[in-house]
Structures are given as structure tokens and as C-alpha cells.
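Swiss-Prot annotations:
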type	residues	note
BINDING	Tyr136, Gly137, Leu138, Tyr139, Lys140, Lys162, Tyr181	acyl-CoA binding site
COMPBIAS	86-96	compositional bias 'Acidic residues'
DOMAIN	104-194	domain 'ACB'
REPEAT	298-327	repeat 'ANK 2'
TRANSMEM	11-31	transmembrane segment
Amino acid sequence: MGDWAQLAQSVILGLIFSYLLAKLISIVVTFKEDNLSLTRHPEESQLEIKPEGVDSRRLDSSCGGFGGEADSLVAEQGSSRSDSVAGDDSEEDDDWEGVESTELDEAFSAATLFVTTAAADRLSQKVPSDVQQQLYGLYKIATEGPCTAPQPSALKMTARAKWQAWQKLGAMPPEEAMEKYIEIVTQLYPTWLDGGVKAGSRGGDDAASNSRGTMGPVFSSLVYDEESENELKIDAIHGFAREGEVENLLKSIESGIPVNARDSEGRTPLHWAIDRGHLNIAKVLVDKNADVNAKDNEGQTPLHYAVVCDREAIAEFLVKQNANTAAKDEDGNSPLDLCESDWPWIRDSAKQAD
């Protein structure tokens with residue numbers, strides 16, 4: 001009886017082992033078959049699954065010569081092999097683009113460093129203002145993209161010019177902006193690369209951050225920093241008019257400082273008072289015989305300023321003081337031309353003048 005029990009047990013174990021072995025073989029066969037089939041991810045492109053034991057470099061080759069199992073794979077997948085090769089080429093192109101982009105970034109950084117170093121050098125050639133503005137616009141596009149900053153006041157000439165240079169470039173690609181920036185620098189300084197490398201080894205970030213001079217703060221923001229820009233030089237009397245300091249203003253005039261003294265932009269204290277909206281200062285200056293028709297370097301009078309800044313009370317005061325409503329600036333515009341507000345009195349004044 002005991003022998004029969006052992007025999008039955010052996011048979012059962014044998015059956016179990018046979019079942020497991022058959023299952024294992026089935027899994028292996030299924031796995032191999034899966035390796036030879038094409039799978040597709042719902043959100044990704046076709047993937048080429050290669051069978052075990054086949055050299056992947058051979059499957060990626062554009063040549064023939066596949067045998068046996070490899071030939072069967074190509075027949076099943078159709079054009080998937082060519083897609084895979086195209087994908088590999090695309091990845092290689094991306095790699096090259098990355099290298100080119102890095103080289104362009106480095107060249108652009110070297111160019112900007114050279115420009116800031118040249119700007120700090122007073123012996124360097126003077127760059128025309130229109131070129132400065134163009135460089136500024138290209139720099140902003142390359143580093144920040146399209147202009148989204150609000151338009152500065154018309155009275156902030158430098159800031160407005162920079163904003164316009166940036167804004168007119170629209171959605172120019174940063175890479176194109178970098179290339180054009182480098183091109184302009186090369187036109188200005190054909191040997192800039194040698195100088196740029198030397199400057200980089202000497203100055204570094206300090207040279208860039210402290211640069212001022214002919215180029216001005218070319219890479220600064222649009223904030224019009226009147227106290228730090230070397231482009232604008234004002235005397236104390238202009239500062240008092242700008243800040244509305246009546247007592248100090250009167251002391252300056254009484255000490256002999258001309259009431260129509262001009263700053264580096266041709267502005268008088270009256271221009272500054274109106275720019276900041278100080279009607280009381282304007283009245284003090286006019287009382288001290290300030291010229292209500294004085295023109296700055298752009299040909300604009302205090303009335304131009306009042307109209308552009310939409311300061312009706314000051315504009316009306318100036319007109320009553322015989323300010324010329326028809327005075328033309330360098331662009332050929334009079335205060336009347338620039339007036340966008342509905343001020344009947346300024347129209348009536350212009351008619352009376354005619």
C-alpha cells in the first residue's frame with residue numbers, strides 16, 4: 001500500500017513539473033514572438049524592436065544583406081526601419097544644433113563684453129547713437145525676447161529711443177539677434193575678437209557692470225536714471241526745478257545763475273518744472289523772466305512738454321504767458337499738433353494767433 005502511495009505522489013509531482021515546464025516554454029516562445037512584432041504607443045511614434053542576437057548596427061544600416069530572421073523582420077515592419085534611421089539623423093542634427101547654439105552664445109557673450117569694455121575706454125571710437133540703439137534692441141531680443149515693457153514717456157528721450165529700438169524688432173528669433181549683434185560689432189571693430197579675449201581676461205563681470213562712456217549703459221533696463229547716466233548733465237538749478245524746491249531755486253537765481261541755464265540736453269529749469277508737473281515752480285521761473293519759448297536740443301518748448309505730458313493747467317498758464325502754440329520741433333510738430341486732449345482754449349489761442 002505504501003508503494004502505491006509513493007507512486008501516486010511521484011506521478012502528481014511529475015505532472016506539476018511538466019505543467020510548469022510547458023508554461024515556461026510557452027512564455028519564452030511568446031516573448032520571442034513579441035520581440036519580432038511592431039508595437040505602437042498611443043502618443044509616440046513607431047518603435048523598432050529588434051530581435052535578440054541581431055546586431056543593431058546592421059538593422060540601422062541603409063544597406064541590404066539581411067538574412068533569415070532579420071529579413072523577416074524587415075518584411076513585417078515595412079518602412080519603419082527608414083523612419084528609425086530618419087529619427088537617428090534628427091537626433092544627430094539636434095546634437096549639432098546644440099553645439100552651434102553653444103558656440104553662438106559664447107561668441108555673443110564675448111561681443112557684449114567687448115562692447116562694454118570699449119564703452120569704458122574713452123579713447124575708443126565713438127559709436128553713432130542709432131547704432132547704439134540697434135545694439136541695445138538686438139541685445140534685449142537675444143536675452144529677453146520680444147518687447148513687453150510699457151512705452152516710456154516722450155520726455156525720457158534715451159529710454160524712449162531704446163524702447164523703440166527693442167520694440168521694432170518684433171518677434172525676431174534670439175539666435176538671429178545674436179548673429180546680427182556680432183555682425184554689427186565686427187563691422188565697427190574688425191579685430192574685436194582679439195581685444196574681446198584680452199578684455200575678458202582683465203575685466204570680467206566688473207568691466208561690464210561698471211561700463212559707462214560713449215556707448216552709455218547699452219545693456220541697462222529702460223529705466224531712465226538721470227543721476228547715473230553720463231549722457232545727461234544738469235546743474236543744481238535744474239535739480240531744484242525738477243524736485244520742486246522753491247527756496248533753493250530762488251537762491252540759485254539770486255546768486256547769479258541764469259534762469260534759462262541749459263543742461264546737456266538743452267533743457268531749461270522751466271522744461272524740468274513742467275516735466276515734473278510743478279505749476280508753482282513754473283510760475284516762479286516765469287516771474288523771474290524765464291523764456292517760455294526756449295527750445296531744447298530736440299526743438300521742443302516748455303509748451304511741447306506740457307502738451308505731451310497732458311498737463312492742462314500748466315499748458316494754459318504758458319499760453320497766457322504768450323507761449324507759441326505753433327512752434328515746430330525737430331520733427332516738424334507744434335504743441336498744437338501734439339495735443340491729443342480736447343482743450344478748446346488752445347484751439348482758440350491758435351486761431352487768434354493766425
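Using N, Cα and C of the backbone, Cβ positions are placed for all residues, glycine too.
Swiss-Prot feature annotations superimposed on the structure.
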{"residue": "Tyr136", "record": "acyl-CoA binding site", "Cβ within 10 Å": "24"}
{"residue": "Gly137", "record": "acyl-CoA binding site", "Cβ within 10 Å": "24"}
{"residue": "Leu138", "record": "acyl-CoA binding site", "Cβ within 10 Å": "27"}
{"residue": "Tyr139", "record": "acyl-CoA binding site", "Cβ within 10 Å": "21"}
{"residue": "Lys140", "record": "acyl-CoA binding site", "Cβ within 10 Å": "23"}
{"residue": "Lys162", "record": "acyl-CoA binding site", "Cβ within 10 Å": "26"}
{"residue": "Tyr181", "record": "acyl-CoA binding site", "Cβ within 10 Å": "23"}
Overall pLDDT for the repeat 'ANK 2' (298-327), taken as the rounded mean: 91
